[in-house]
Amino acid sequence: MEPGRAGWLLLLLLLPALGAAAPGEFDPYRVLGVGRSSSQADIKKAYKRLARGWHPDKNKDPGAEDKFIQISKAYEILSNEEKRANFDRYGDAGESQGFSQQQHRQFHRFHDGFYFDESFFHFPFNSERRDTSDEKYLLHFSHYINEIVPDSFKKPYLIKITSDWCFSCIHIEPVWKEVAQELEALGAGIGVVHAGYERRLAHHLGAHSTPTLLGLINGKITFFHNAVVRENLRQFVENLLPGNLVEKITDKNYIRFLSHWRKDNKPHVLLFDHMPVVPLLYKLTAFAYRDYLSFGYVYVGLQGTEELSSQYNINVYTPTMMIFKEHIDRPADVVQAREMKKQLIDDFLSQNKFLMVARLTSQKLFQELCPVKKSHRQRKHCVVLLTKEGEKFAEAYEAFLTFAVANTKDTLRFVHIYSDQQPEFADALLMDEEKYHGKSAVVILERRNNAGKIAYKALEEAWQGSKEDNFILLDLLDQLRTDPGLLSSETVVADLNDELAPMFLIRWFYSTVDYISDWWDSLFHSNWREMMPLLSLLFSALFILFGTVIVQAFSDSSDTRDAPPSGKEETAAKTEKNDASFSKESNSRIPKKSFVEVTELTDINYTSNLVRLRPGHMNVVLILSNSTKTPLLQKFALEVYMFTGSSSLHFSFLSLDKHREWLEYLLEFAQDAAPIPNQYDKHFLERDYTGYVLALNGHKKYFCLFKPHRSGDEGGTLGSCEDYDALQHAEARGKSSCSPGSRSIKNKLHKLSFWMERLLEGSLQRFYIPSWPALD
C-alpha cells in the first residue's frame, strides 16, 4: 500500500474517534441549569426565568445578547424530543446532518496540526467562517418587534433570511456583504434572520424559503424579487423611500421653497452638488429628519441655477449644504466637504433641527423644545411669546425674534405660540387678564414633570417689542440665572393640539392607497402558498355565483307558469317590503340595552374572551381590587357607554388581588409606558395598578395601555354618581355612594373616553408580546 494512501486511511479512522472523545462545547442542560432527567415543565420554567433575566432589552450587560441566544438555542433543543434524544445519544442535536459542529471543530484542529488548508477539503457549509460578517446584524423576534420596527420609521432596513445548507445563500453572499457595508455607511439598516434558529420571526416576516430578501420601512414589509446584484439592491432600497422627500430647486422656485418655513414650522436645507440625480445618502438623511427639516437639492450643473449659486456664493466644485431658518436672504449655517459623510451630515443637522423661534404646534414639539428639568445643572427655561397671526402682531414677533437671536444660550429656548390655536395653554398662563387682550405677551416657564405641571413668570405688561420691553426681559433672564425661585407661579397645562396633523379623510385616503398597492404587489409576486387562501376564496365565490344562477334558472321556468300579479299589487308589495326592511335596519342601530355589560376575566373564560378572540375584536379590561370594585366599575361604565355600539369591543374587569402576577408580566413588555408611578399599598408594599385599562387584541397579540389620571391635576371630575344613576334608570335597584373617597377613585378614569376614541382611530401605541401568559 502506498504511504500517502495509508496516511489518508489512518486520518479517516481517527476522525470519528477524535470527535467522540472531545468534550461537548455546548451543553443545553448546563446552559439552562437543569438535569438530564428534567421534565418539559421544568425546562420551560428554567427557560422563562433565564430569558427574562438575560433579555437584551432589560439586561445591559455586554454579553447579554450572546447569553440570550445560547438560552434560546438550548431551549430549542431540549423542548424538541427528537433533538433532545439526538443530543443525549450523540452529543449533537442532529441539525448538521451527520457532520456535527463539534466534529468539525475537532477535525479543523487536527488538520491544522498537519498544516492542511481547509479549502482543500471543499466544505462549503462552514457557517462559522461564512457568517462572521452577519453576526452583528442577527435579529431575534423580540429585538425586531421592540427596536427594528420602531426604528424603521427613521430609516429603511434591508433584511436577509438565510439558513444552513443553503447553496443560494452562499452564492449571493459576496454581493450581500458588499451592499450591506455600503448601505450601512449611507444610513440604511441591515438585518439578518437565521431561519433555523428564528423560525417564528421568519414566519412573521412571511419568508417561506431561503434566501429571501425584503425591505422594511414605516413598519411595512416589501419583498425583493429581482436578480441579486449591487445595482438592483441599491435601487430597491431607494424605491422604498417616499418620492417627495427632496424637492428639486432652481432659480424659479427657491424663494417659494425657502419661504415655506412659516407654514411648515421647519428649517429648510439646500444641498448644492454637481450630480444630476439626488444622492442616496441625501435621500436617507431627508427620511431620517423629515419631521424636523425640509430638504431641497440644487444640481449646479443645470442651466437655470446660476442666480441661486451666485447669490449664496456657491463653490460649484465642492458639495455644499446650507440651512435656512427665519431669514431666507442668508443661511443660518453652512458646511462644505469634498465627500459628504453620514456622520458629518448628522452632526450638522442635529444642531439645526429647530427654528430660532419655533412655533409650538404639538405636544411632542413642546416636550422636545422645553424638556423636563432633570437636575439643577440641566435646567432649561423656555421664553414663550403668546401672540396671534396677522399684520397687527408682526412687529411684536420681529422684535422678539431679534431679541432671541441676540441672546441665544444653551439654557434658554425661545418659542412662540398662537393663542387662538392653543386657547387652553394661553388661558392657563395669562389667567384671561384684561391687559393682555388683543396683545402679545411673554412668559418664562420651566416644565416640572410630564403630567403638565410648569413653573412660570409672565412679564407684567404686554409685549410691544420696545427697548423698555427688551430691558425688562433681559433683566429677568439675568436674575433667573442666580435665582431659580423667580418662577414663583405654578399651574398645570393641558396637552397641545396637533395643528399640522392631516385630516381624517386624508389619512384614510393614504391608508387605502397603501392597502391597494400592497394587494397589487402580493397578487403578482406572492408564491403559491401565500396565494392559496385568495384562490380558495375566489373559487368559492364563483361556485356560489354559478350555483345561484343555475338554481334561479330552474325556479324561473316554474314561476312562469303562474299568472303575474297586477301592477297595483306589485307596487304595494314592493312598498311594504321596503318599509319592513327600513324599519328593521333602523331598529338594528338603536341600542338594545341601556347599561354596559362588563364580565370578569377569569381562568374559565380567558381562552374564549382573549386567546381565541376573533380577528378585529378587542377586549377592554379594567384593573380593579375588591376595595375599589364598585366605584371603578361605575365610572368605567359611564366612560365607555358611548362605545358599546361597536360589536368589535368587549368589556371586562380583572381582579388585581387574584391575578397580579399576570398583569405585571404583561406590563414588562410596555417599555415605553414606564416609569409606572410608585404608589405603594400600606399593607403589602405593592404597586397600585387599580384604574389601569388594557385594550387586548388576542389575535395579533398586542395591547394598548391606559394609565390612571392623577387626582389633583384638574379640579373637576368628568361625570358624577347622579349621571350614572340616570344612565341606569332601567336597571336601578339601589343608589351608589358619592363619598369623597369614591370620587377620588373614580377620578383615576378621567379622560378614559378620549383614550377610547384614540383606540378606535388606531393612533395609540401598541405593545406586542410573544404569547399570552396563562391566567392561573
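Placed from the backbone N, Cα and C atoms, the Cβ positions cover glycine too.
According to TrEMBL:
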type     : residues : note
SIGNAL   : 1-21     : signal peptide
DOMAIN   : 27-91    : domain 'J'
DOMAIN   : 116-242  : domain 'Thioredoxin'
REGION   : 557-586  : region 'Disordered'
COMPBIAS : 558-579  : compositional bias 'Basic and acidic residues'
Exercise. For the domain 'Thioredoxin' (116-242), what is the mean per-residue pLDDT, to the nearest integer?
Worked result: 85
Exercise. Looking only at the domain 'J' (27-91), what are its DSSP counts of helix, strand and coil residues?
Worked result: 44 helix, 0 strand, 21 coil
Problem set entry | Three-state composition of the domain 'Thioredoxin' (116-242), taking helix and strand from DSSP | 63 helix, 23 strand, 41 coil
